Amino acid sequence: MSEDKSGSFYSMYKLCGQLEKESSHSGKTQLIKSFCNVFKGDLYLLAKLMLCKEDKRVFRIKDKAMLKICSHIWDCDLDDMIEDLDNGDFTETCKKFYIEYGKYPEKSTLTLKEVDQVLDSLTVSGKFEDQVKIINKLLKRCTPFDFRLVCRIIDSDLKINTGAKFFLDAFHPQAYDAFKKANNLKGVIEKIQQHDFDNDNGDGDDGDGDDNDDDDGDGDSDSDKKKKKSSGGSGSDSGSKKKSKSFEVAIKLMTPIKPMLPKAVKTVEGVVKSSECFYAEIKYDGERIQIHKDGNQFSCYSRNLKPLMPWKVDEVKPYIPKSTKAQQMILDGEILLMDTKTSQPLPFGTLSAHKKNGFKDATVCVFLFDILYLNGKSLIHLPLKERREILEKNVMVVKNRIEFSEVTIVNGASEKSKLTALLNRVFKEKLEGLVIKDAMSEYEPGCRHWIKIKKDYIHGMADSADLIAVGGYYGSGSMGGLVTVFLMVCYDKQNKIYKTVVKASGGLDDNMIAKLQPKVTSTMTKISKEVSKIPYWLDCPKQYAPDFIVKDIKQAMIFEIESAEFTKSDHHTTGYSMRFPRILKIRHDKDYKTATTLEELVEIGKDIKIVPVGKGDNNSPTTTTTTTTTTTTTTSSKLIKKQQLSDDDDDNDKDSKQQQQEPSKLKFVSDDLLDPFNDKSDDESNKIFILNYVDNSGIWNEKGLSGAIGKKWPSIPKSFSQGDSNIIKSGEIRVEKVKDDSISTNKKVFICNLSCIIPPKSKKESYTFSLKEFKSAIKEAKGAINQKKASVHLAKPQFTSPSWSELDEVLTKELYNSGIKVFVHSISKSSPTTTSPTTTSPTTTSPKITSPSSSSSPSNKLSPLKRGRDEKLEHEIIKDIEPSLPIFEDVNAVIDSKTIDQVDVKRLINSIKTMGGRVSDKWQQVGIGKTTHLICNGMSDLYLHVDRLGGTIVLPNWVDQCFGSDKLLPLHEDYIYFNKKDHPDYSQSSSSSSMSIEEEKIVVTTTSDDPSEGNQQQQDKKVIKESKIIQSKDHSSTTTIDTKITITSTNNNNNGNDNNKTRKKQHLLSIFQECIIFLHDNVNDRETLKRYIIAYGGDISDSVNDKTTHLVASLPNNFSNVKPKDLFKSIINNNSKNNNNNNNNNNNGIIVNSLWLWDSINMSDLLDVKNYKLF
């Protein structure tokens, strides 16, 4: 048997350890270069294992499967391993339990070749018994640290933050580019060895000056990319081209090439500026396929460069030789299911469904869009225009089996309308989107130099719904131990049950995930995916059983979920799901009753959104002529057929048809609604009516459009609120004239308040917009508008019902048809400095309004907020008026039901929760469920308890006032409850002074029994200060509430006269009376705990001495790595020396877990320490 010279696996382990510690890019590359200069093993094997993310082998073992194998070998509890896995990385779990197992070699003897052979054997071993044998054999040769590294290779993540670029740049500056193009690691390594590590720029820098390794996959700076586009080449100079050519690695048949990819843009403008001439290709909603043909042999690869499953391609394989006579070729395309009756692609996911059920009228079809290799020659350096010609000359269309992608040639910005029309057609036909390609561009493997534009990329066109988060799942990797994925559901009114829609995690950053954990802990209970523990009110499939489930649906969080589209799904119990879901925000203003229902979800899914036609588009039609180089007739006939089909669909959808044939007669503009006479205004009228929506309560709304009006013209809300005339009956109007010196004397603005908002009958309900009252108010307003010969300006209301088309119909019928001009204000598509009115479709977004302070400066205009649907609503207009956080976000209140009526208790609970706060049943001073406010209106035991602990105690009217004013009010004496008369801790003095609550000094006195103290006052604990900082709603200021409690110790002979009220000696309970306690620094919330100990009769020791009775630390009972005595070792040793010097007895007390203190407090009794002893 020949000697294994592949190299030591332990040496690779040491290299990984160094790379994990090194943070700089150049440092990592230098470490690799230094290591490989002395490495005598197989460099290709080393590269193969180090670049495990590039290894396309399928090992058939996931994290929990590996734990199951290991638990079987080590005879340990699988549940314990899974529980440990919940805390993070499964590779760490494997290492930890391997160490506990104890039977492992002391020294690593594995070689790289042996590890590679083990990995190869795992790719062909699908049975559990075979996998156990392979892993068991491996474990006999490797240490726990070796095994962790093997597991990381299997998991394709070495956790060293070192990609292919870092590794290959250590050898040659062109090595990574060659690898990207050919995806042939062995060929690259052989080339490196031929160059004998000659490296002119092997510092690991990608040459773009941005310290980014894999940001775009091409290593170009922004300026380089611009050069690349202008030149039509790769963006390199002639010298670098020469270098690249000298290092070029040939494309190899049957070795997949990294696909060229598109990057996202969010506007049509961003596309048309990308090139003077580009191909706009239909983006088919299937799976990427790369076909390699070598004679009669075929291989098909996925986007991830892995072989496609045979069942996906077997149907279409026989048609490949029928479509071409070429012997060798590499084709790029998309595989999907085609409806043979309509010749229309079927939605994403149907290909998998076809495997199980089969579709009678559907076939598997490949849409080809590129050719990379032909008869021994690479074509990737040719421009796209030439490659497309070669593709169409060498491949013939086989109907519904082999097709070409549909292409529209667009000549830059001059043909923007053609692109807009094509997009509208794509979205209406529910295709995925478009891919934009520069006609003169090369094929650059792994680079994102194409552009993709999809519905969910265009601002506001994505589908969204407010769903209920009823379950949570643990994250993985660095997010292990945190709940990062949520099970989203909606309510099925017909069947009276909650049904699943989607699992969502995207959209949350690390900070938001951390913020959500306390909410998860307090409102959810752990069920560890046990189906039997799913509540009766939730219809949840077994495979979606979560790690956590909400305790009470009323406490569930509401998330706004945005997605590319709604799709039908057999996996979720609603029958629907969402593609590419992401969490936009938490809806603190909604609860389980006001979240999207299943019926509403179905309606949202029917919605077809249209891209606004921009200025100069001349109302282009929604169809377009498409051409390719040689298949113009085929493409055009297909387009006509698709247009006929879309027309047929319109017959079934009256509203959609009407919208297409009869566009809105109203004028959609992008001007500032509150500045209608600006220079850019398209309105020539000298008198303007601005419509404002109000209710019949007589109270001016300080939010939304009303709030913006009040800020700019304060006289309007003031006039509105004067006398009894401020109450406007539903369906009626009231007109207020604007007084503004900045408006020319010959021009006038009127605010027309329409009473069409119906206020809620209770706090549980919400405001609604009445179409009936809106019609009535508009009819009444028409007379006033005609009398003044004015035009009308308005914003779309903030309500999703009624629909805008219904309001459009009323405005058109009553105003436009009566000769009144109507302007609907929307978001500008251009920059603030060049904003101009644009005529758009009715689905254009809503108005932009500047704040009063910035109205004169276009550059200071507020940017529009993100829309959740296709229409931006009124409440999204002003960012200052609609802050993102609820005003009671940091409030967790306890309501004293003994001092407040039950009716008021319910009202307070609803108010607090509506404003984003929480309500708890009992007072909790610290921890996740820490309470912040006690709400009471009289003397009670609960009041005394919280008062003695220095808690914040408020009257119910504070909550009511905050709710009414919609802002967090500062706590002053009108809101703070403090009962001095009946308080048992206070004694009356003959000459007590009347002091305000802020000025009053509260003194807690105790009587000393030690005669040696004489008349000297001893201050035991001087000041305990608790400062509660409550963020105000707009985050611009904070309210600080300081509670100072001075605790002094005075002897019986104190002759001082105190005219203020003084507290008597008073303890809640004397449960710690005999205890002198030392708190270690690691104890959580030490200051609060000190206060509790003192309040409950105990004493605090600042150092360990012979009088100390208890030493307290925060450690779990089942600690393993830290010995509790070690925590106090230095303290005890120092104390022992002092005691020996003083000839004192050495009694250091008992070391106990801090839980002993908390449990004793909660049980109101001194518990036995034996269950809490740590030493």
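Positions of Cβ are set from backbone N, Cα and C atoms, glycine also.
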Of the candidates Lys273, Lys312, Lys437, the one that Swiss-Prot places in the ATP site of Glu281, Arg288, Arg303, Arg448, Lys452: Lys437
Nonlocal neighbours by CB distance (under 8 Å) for Lys452 (ATP binding site), same chain, sequence gap 6 or more: Pro262, Lys263, Ala264, Val265, Lys283, Gly433, Leu434, Val435, Ile436
Glu281 (ATP binding site) - helix vs strand vs coil (DSSP): strand
Three-state secondary structure, Arg448 (ATP binding site) (per DSSP): coil
Rounded Cα separation (Å) that holds between Arg303 (ATP binding site) and Glu334 (Mg(2+) 1 binding site): 10
Recorded positions (Lys283, Arg288, Arg303, Arg448), the one with most neighbouring Cβ atoms at 10 Å: Lys283
Around the Cβ of Lys437 (ATP binding site), the count of other Cβ atoms that are within 10 Å: 25
Inter-residue Cα distance where the pair is Arg448 (ATP binding site) and Glu334 (Mg(2+) 1 binding site), in Å: 17
The domain 'BRCT 1' (883-976): DSSP-derived helix, strand, coil residue counts: 31 helix, 14 strand, 49 coil
Distance in Å spanning the most remote Cα pair of Glu281, Arg288, Arg303, Lys437, Arg448, Lys452, given for ATP: 18
